[in-house]
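Enquirer: So TrEMBL has the following annotated:
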| type | residues | note |
| --- | --- | --- |
| BINDING | His2 | Ni(2+) binding site |
| BINDING | Cys69, Cys72, Cys87, Cys90 | Zn(2+) binding site |
Amino acid sequence: MHETGLSEAIVAAAVRRAAGRQVTGLRVRIGGHAVDRDVVTQGIQVAAVGTVAADAVLDLVLEPMTVRCNDCGRSARVDDHLAMVACPRCGGVDIEVTGSEDVVLESITVDSVEPRAL
Ligand SMILES: [Zn+2]
């Protein structure tokens, strides 16, 4: 996964939605990707430099993938990559990866002050 492009896309979406107001908070939901919270946080902070979102507080919600075993029916969150290869309970390899693979800018918080006229 390319965290840099992702971070830039999130910041760009927030800036567009803010419409010139200062962004004070960003809430981002990432589902289905094994991402490093620190890497994403840092990427967004770097991407936000020089934009109205530069001082935004980031609220990152990570939703890990889940896998379902079609042999025994076990369903669980993926906590290591082995769980995507074989079922930890029965050893079955008929594994289905479920869960959304979305990156969503859920909401932004903007300064209530109207943008200053130029
Ligand atoms: Zn199983």
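Glycine is treated like the rest: Cβ placed from N, Cα and C.
Where in this structure would I find these features, and how exposed are they?
Expert: According to its DSSP assignment, Cys90 (Zn(2+) binding site) is coil. For Cys90 (Zn(2+) binding site), applying a Cβ distance below 8 Å and a minimum sequence separation of six or more within one chain yields Cys69, Asp71, Cys72, Arg74.
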Enquirer: Within 8 Å of the Cβ centroid of the Zn(2+) site residues Cys69, Cys72, Cys87, Cys90, which other residues of the same chain have their Cβ?
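Expert: Residues close to the Zn(2+) site, other than Cys69, Cys72, Cys87, Cys90: Asn70, Asp71, Gly73, Arg74, Pro88, Arg89, Gly91, Gly92, Asp94.
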Enquirer: If you draw a 10 Å sphere on the Cβ of Cys69 (Zn(2+) binding site), how many other Cβ atoms land inside?
Expert: 21
Enquirer: Would you count the other CB atoms within 10 A of the CB of Cys87 (Zn(2+) binding site), including those on all shown protein chains?
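Expert: Other Cβ atoms within 10 Å of Cys87 (Zn(2+) binding site): 21.
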